[in-house]
Amino acid sequence: MQLRTGAASVVRTGLGLTQSRCAVQSLTAVPLERRIRQSKAFYHNTKKNDSAWAAAVSVAGNIVNNAVTKAIKGTDGLPTIDPLRLVAGEMKFLTGNIRKLLGSGHPSLDRAAKYYTQAEGKHVRPLIVLLMSRATALCPKAPQRQQSTLQASAAIDTSISPLNILSDFNPSDATPVSIPADTDILPSQRRLAEITELIHTASLLHDDVIDHSESRRGAPSANLEFGNKMAVLAGDFLLGRASVALARLRHAEVVELLATVIANLVEGEFMQLKNTARDEKNPKWSEETLTYYLQKTYLKTASLISKSCRASALLGGADAATVDAAYLYGKNLGLAFQLVDDMLDYTRSEKELGKPAGADLELGLATAPLLFAWKTMPELGPLVGRKFEKEGDAARARELVLQSNGIEQTRALAQDYAEKAIEAISGFPDSEAKDGLIEMAVKTLKRNK
């Protein structure tokens, strides 16, 4: 199978991700480890030369050699792969299945809970889960995981407790879902994709209340349509139904992973309440500021993608190396995705985004473009400290960011994380699904909303 320019070029030998490594083409670009030598900078404070900031500066200096950049250019004229086409059969049933999982005997709750499923969302997270499920189907299996894999797929619509207990005084319950035939994606992996979207949608409902959002996906936000109380309760209901579906997978490690995601979302939201670890009134720029931001970004965005990818490989019975590689792909892709999202807040209009543009500054949030700009523009410090509350603060901060190289630095760091995502799955056997995962990393950098 022929890959697009840049896709094959990031695949390298000697990384030790799996034992079933195909013959691959070596990188002609500057080796990744020479540009960014650590992948855990956002978990711990690090030495100056091994920090997230040092990595970002190094990445920006070598961006012309970046393999993902070459993939985006597509100089060989090959058509790009459409990841959605590869799992179209499963995605076709996604929204309908989710709505079946959300049935409630309370009409108002039913409408609020299903509100965001009516709009046409990107469904990026379930798409990634399904692609990962198909890509890891060809990878080595762990014999000790086969029994739990069979259990997880055998009874995803079967309750563990008696139904009369679960549905007492509630005339409506989750109903069996539609399953496409003749596919190498297991029923448990399809259900995982639906659970992932449920958790993500619940986080949108809660975030829109916290952020006082007025629009979502080009329509009035749920909090505007139903009020804050109903929106919060609807989000809680989605998490409840996701938890039930998760329990019925009957796979303890997967339950632990996705339950941790829900906790991570809350932890990340608490971290976002302040822009720096010390929350000073007149903070000074430091490398730890970017570390704090990346940790928050992992918790709020990358945790769901990374742990869902890992869970997908576990449900397929993959060996430990494949499971770890799936996690690394999701972690790095999730970080790249959010970095691009934060960049678009400065470069796109509300009409293009389908949600308010410039919202981060209005909410008092200092994201990557501003943090990079702050390094050379210390006058941003007092604005960050008071969370852009004074009249004109947000406009001034935006002006300074656009005058700096903050957006370019953010783009460079996002490209590096995308390359690391591609590198993580380089040991997977060649397949259309693997190519689709590579294309998802490329599309993450090219998206404009």
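Glycine residues also receive a Cβ, built from the backbone N, Cα and C atoms like all the rest.
Under the heading isopentenyl diphosphate binding site, Swiss-Prot lists K122, R125, H200, R217. Every protein chain shown contributes to the tally, and the Cβ of H200 (isopentenyl diphosphate binding site) ends up with 23 other Cβ atoms within 10 Å.
The annotation Mg(2+) 2 binding site is assigned in Swiss-Prot to D207, D211. In the three-state DSSP scheme, D207 (Mg(2+) 2 binding site) is classed as helix. With a cut-off of 8 Å between CB atoms and residues at least 6 apart in sequence, the same chain places S213, E269 near D207 (Mg(2+) 2 binding site), listed in sequence order.
Residues annotated as Mg(2+) 1 binding site in Swiss-Prot, with similarity to another entry given as evidence: D207, D211.
In three-state terms derived from DSSP, T301 (all-trans-polyprenyl diphosphate binding site) belongs to a helical segment. For T301 (all-trans-polyprenyl diphosphate binding site), the same-chain residues that are 6 or more apart in sequence and have a Cβ closer than 8 Å to its Cβ are G268, G334, L335, F337, Q338, D341. The all-trans-polyprenyl diphosphate binding site feature in Swiss-Prot is assigned to R216, K300, T301, Q338, K355; the stated evidence is similarity to another entry.
The shortest Cα-Cα distance between H200 (isopentenyl diphosphate binding site) and any of the binding-site residues D211, R216, K300 is the one to K300. Looking only at the binding-site residues D211, R216, K300, the one with its C-alpha closest to K122 (isopentenyl diphosphate binding site) is R216. Within 10 Å of the C-beta of K122 (isopentenyl diphosphate binding site) there are 11 other C-beta atoms, taking all protein chains into account. R125 (isopentenyl diphosphate binding site) sits 14 Å from K300 (all-trans-polyprenyl diphosphate binding site), counting Cα to Cα.
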